[in-house]
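As annotated by TrEMBL, active site, nucleophile applies to C78. Feature annotation from TrEMBL assigns active site, charge relay system to H169, E171. Annotated L-glutamine binding site per TrEMBL: G46, E47, S48, R105, I133, R134, in sequence order.
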Amino acid sequence: MRIGVLALQGAVAEHIKMIEAAGAEGVVVKRTEQLADLDGIIIPGGESTTIGKLMREYGFIEAVRSFNTAGKPVFGTCAGLIILADNIVGNEQAHLCLMNMKVQRNAFGRQRESFETELWIKGIDERVHAVFIRAPLIKEVGPEVDVLATHNGEIVAARQGTLLAASFHPELTNDFRMHSYFLDMVKQAAHSSSST
Ligand code: GLN
């Protein structure tokens, strides 16, 4: 399995390491043509305005949308979660508009810009150490979205079919269970497209 990490801006090398630790090949993605050889892609953390602008400039908005429409999974972490959403609080322009959720950027305020905690993740069904850095929150989700984790009652991880989103940075620990969870989604997607 070949999993790309969108490398326009943000935390790329760490995701590649985790993909490989979880047993797949990690590919640094800088051009849309590379998507054709991938089974799944991760949009990393960083700065969502910058990532969104560069995605537009390099044709990644349409390319990643078609990639997902073709049944291939996409995982957005932190800024990548914001990129996946179809609604951003404050009427900011949404980017991929793939996931039916309303997100709030920098939702923890200045006092708690960065922190670490343990989260119970549905599907992994264990506690996972989670690192939050100027993280967004998912304020509302549509009926097709499955909530995977909450922190103080607020949604911090969710899944909608072949789309996975996490407010935190699963690439910044030594624990690759979130990446393994994504790889399972990719395997399932590959299986269902070959059997149809
Ligand atoms: N605060 C950033 C944004 O709004 C996201 C932070 C991150 O990815 N660590 O884009």
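Placement of Cβ uses the backbone N, Cα and C atoms for every residue, glycine included.
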At the level of the C-alpha atoms, what whole-angstrom distance separates R105 (L-glutamine binding site) and E171 (active site, charge relay system)? 20
On a simple 10 Å Cβ count over all chains shown, which one of the recorded positions E47, E171 is most densely packed? E171
Any idea what DSSP makes of the residue listed as 'active site, nucleophile', helix, strand or coil? coil
Return the single residue from the recorded positions list (C78, R105, I133) that has the minimum number of other CB atoms within 10 Å. I133
Relative to the Cβ position of G46 (L-glutamine binding site), how many further Cβ atoms are located within 10 Å? 20
Pick out which of the recorded positions R134, H169 has the most other Cβ atoms within 10 Å of its own Cβ. H169
